[in-house]
Amino acid sequence: MTDPGAREKSKATREPKATREPKATRETLARVAFLPGWAILAGMTAAFALGASVPPRYRWIPLAASVVVLGLPHGAVDHLLLPRARDERPGRRWFASVGVVYAVLGGLYAIAWFTRPMAAFGGFIALTWFHWGTGELYPLASLAGAEHLETRGMRTATAAVRGAIPMGLPLVAFPDRFSAVAELLVRPFAGEAAGAGEAAAAGEAAAAALEPFLRADVRVAILVCICGLAAWTLAVGGVRARRMDAVRGWVLDAGETALLVAFFGLVPPVLAVGTYFCVWHSLRHVVRATALDARSTPSLSAGRIAPALRRFARDAAPLSAGGLLLLGGIVVAVPRSPGTPVELIGVYLVTVATLTLPHAAIVAGLDREQGLL
Ligand SMILES: CC1=C(/C=C/C(C)=C/C=C/C(C)=C/C=O)C(C)(C)CCC1
Ligand SMILES: [Fe+2]
């Protein structure tokens, strides 16, 4: 005999933890997670559609800003995420475990950059695809309440689409910029005793390895795959949403997907990726982290986000500083030290890459904990 009360209870515990926030709290979180990103990306998309342009050197500003604003700090609370999601105290044991994950995964990946930089770059694109894609599930499913994402299949497909847009469309629309960034990231790792000639050769080797992806027919194929997957995922999601009478969440999903396609198709990639990193991916993750902090719930449910963000900034400060130290270490350790601001940002991106592997692993653990992955 199953007692209906028990069945109700088990249903309640199966519900992803992330959706347990009271409605008022969720609305505050959603406002902060969504509105700035929509406004800034839509504004920039419109400006570039109307022919705006930004001189190349200024396109790096958002990426440079991400060192202190949202970008690097968004990963600096990784040691607090899982214990808070499990209602445990984030003590020394958690800090040590997360430290080990960072040391092992980050360390191995750093070695890969020094030994096989081009493969490491390819891995970075794949990793970002996964991490930025799955990073969209919490805001969509838990904050926007997009019920068409209730099945694992829909969530997998949606994450694949959301990650493919920022990594694939810059290649499709701006192949030369894409390969220039690949060269920028790979060049400092040219052989131990590399002279300028050898470094240039490494850069050229990077460009040569990318060559097949830069061909017009291959890029058209990539575009067709991304748009086809997006259209198919949204079509299946739309049917589900209609059946569940949950069209609002689907409209948000479809609208965002269209905005992202237009944004990454029109805005120069260095500017687009940097902006997206700060005001979209990182902001959404920061909001998610504040939602896990029990001390922040009273002010959040009263519609106030500032105290929660201040608390986040305090939590994230020490390890953001740690990230900067690591950046300094990598700058010193690369065989060819960066000589210009842009080269310095290139080395920063490699630092971000090595930190992103352990960060993505921990966030994936949180996704599992919250029933999203
Ligand atoms: C800058 C840039 C690129 C790559 C950026 C990447 C891969 C950024 C990843 C950031 C991460 C993972 C942050 C942490 O969440 C591309 C696509 C080559 C295109 C040209 C501009
Ligand atoms: Fe992240």
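For all residues, glycine too, the Cβ spot is worked out from N, Cα and C.
Remember, TrEMBL labels are computer predictions, not curated facts.
Annotated Fe cation binding site per TrEMBL: H74, H131, H281, H285, in sequence order. Remark: H131 (Fe cation binding site) has G163, T356, H359, A360, V363 as non-local neighbours, by Cβ distance under 8 Å and separation of at least 6 in sequence.
Taken from TrEMBL, the feature region 'Disordered' covers 1-24.
Marked as transmembrane segment by TrEMBL: 32-54 (among others). Cβ atoms under 8 Å from those of the transmembrane segment (32-54) belong to residues 139, 143-144, 256, 259-260, 262-263, 266-268, 271-272, 275-276, 279-280, 283-284, 287-288, 305 of the same chain, restricted to positions at least 6 beyond its ends.
Sequence-distant neighbours of the transmembrane segment (60-82) (same chain, 6+ residues past either end, Cβ-Cβ under 8 Å): 90, 94-95, 98-99, 102, 270-271, 273-275, 277-279, 281-283, 285-286, 289, 292-293, 312-313, 315-320, 322-324, 327, 341-342, 345, 348-349, 352, 355-356, 358-359, 362-363, 365-366, 369. Taken from TrEMBL, the feature transmembrane segment covers 60-82 (among others).
Among the features that TrEMBL reports, transmembrane segment is placed at 94-114 (among others). Counting residues 6+ beyond its ends, the transmembrane segment (94-114) has Cβ neighbours under 8 Å at 78-80, 82-83, 88, 120, 123, 189, 330, 333, 350, 353-355, 357-358, 361-362 in the same chain.
Note on the transmembrane segment (120-146): residues 16, 18-19, 21, 26, 29-30, 33-34, 109, 112-113, 155, 158-164, 166-168, 182, 185-186, 206, 241, 246, 248-250, 252-253, 281, 284-285, 287-288, 353, 356-357, 359-360, 363-364, 367, 370, 372-373 of its chain, located 6 or more positions outside it, place their CB under 8 angstroms from a CB of the stretch. Residues annotated as transmembrane segment in TrEMBL: 120-146 (among others).
Nonlocal intrachain contacts for the transmembrane segment (220-239), taken as residues 6+ away from its ends with a CB within less than 8 angstroms of a stretch CB, comprise 148-149, 154, 157-158, 160-161, 164-165, 168-169, 171-172, 213, 250, 253-254, 257, 261. Per TrEMBL, transmembrane segment is recorded for 220-239 (among others).
Annotation source TrEMBL lists transmembrane segment at 259-279 (among others).
Within the same chain, residues 67-68, 72-79, 110, 114, 188-189, 344, 347-348, 350-351, 354-355 sit at least 6 positions outside the transmembrane segment (316-334) and bring their C-beta atoms closer than 8 Å to a C-beta of that stretch. The transmembrane segment feature in TrEMBL is assigned to 316-334 (among others).
Taken from TrEMBL, the feature transmembrane segment covers 346-366 (among others).
Nonlocal intrachain contacts for the transmembrane segment (259-279), taken as residues 6+ away from its ends with a CB within less than 8 angstroms of a stretch CB, comprise 36-38, 40-42, 44-45, 48-49, 54, 56, 59-66, 69-71, 162, 165-166, 169-170, 172-174, 177-178, 181, 226-227, 230. There are 24 other Cβ atoms within 10 Å of the Cβ belonging to H281 (Fe cation binding site). Sequence-distant contacts (6 or more apart, same chain, Cβ under 8 Å) of H74 (Fe cation binding site) comprise H281, S282, L283, H285, V286, A289, A316.
Secondary structure from DSSP puts H285 (Fe cation binding site) in a helix.
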